[in-house]
Amino acid sequence: MLGAMEGVLLSVATSEALLGIVGNTFIALVNCMDCTRNKNLYNIGFILTGLAISRICLVWILITEAYIKIFSPQLLSPINIIELISYLWIITSQLNVWFATSLSIFYFLKIANFSHHIFLWLKRRINIVFAFLIGCLLMSWLFSFPVVVKMVKDKKMLYINSSWQIHMKKSELIINYVFTNGGVFLLFIIMLIVCFLLIISLWRHSKWMQSNESGFRDLNTEVHVKTIKVLLSFIILFILHLIGITINVICLLVPENNLLFVFGLTIAFLYPCCHSLILILANSRLKRCFVRILQQLMCSEEGKEFRNT
């Protein structure tokens, strides 16, 4: 039975999950409709669609597992169920970070201004960059899956007294957690480097504009600032997401603590919910579609009120 605080936090987490699903579904649908209309899925559209779909899957996995764990934990008793959930979580979470990193690199290569020959070479060969990122993703899966298999096969993840518990030392749990998310950390570090380089590019561009004393509206600076805001928001929200997931992993060492588990879930769902909204507002095409839908909804509501009067 959930307490009052646990019920409130679970309601908040569920609302965040639903908003995340709606926002990411909107992003995926808009890009798919553009692909159907133009008979071509361009790089940014493919990345945004993949990011949205991976987040939708991630949210469904987390919220389904959470509700089962809280209300019907006995459903998780078969070993193959928890193994399947672990595999799905690894695939979707790492795909999600891969698409987000690819998006940041795509913007970086399109927007940043550097004269270094390595940057210019990468800018002309963006497909090679994406191939390298795919290699990082595959290597991450190669390291992650054996760790989960070993934990399950060694019976270190057991269903006891109506709850899942991990039977290992805290140091061993931390090591396994790091190995499982090694690819995520690598991609996240790449994103931090990209964000840092974009800030340097913005600073150099601003210094150049000041030296020229240009009074014209600088669109390049606006694009730089907008992109940096999106990247920084992703970094902050993803750190919160990792903290929330870590709290949920710790709950396996502290059984029967639903309050801590639901609190971690609430923090974890901030990322797919808020960042999808940020992407919609930052992308002019998505923003136009979003505003158009809101206007149509408002007009339909006004029409209903007019007919009722």
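In case you wondered, yes, glycine gets a Cβ from its N, Cα and C as well.
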Swiss-Prot topology check: Y67, I118 same side of membrane: no
From the candidates N113, N161, the one which Swiss-Prot records as N-linked glycosylation site: N161
Whole-number mean of pLDDT values that fall within the topological domain 'Cytoplasmic' (204-233): 71
Recorded stretch, among 8-28, 44-64, 88-108, 183-203, maximising Cβ pairs under 8 Å relative to the transmembrane segment (260-280): 8-28
The transmembrane segment (88-108) vs the transmembrane segment (183-203): 3 or more CB pairs under 8 Å: yes
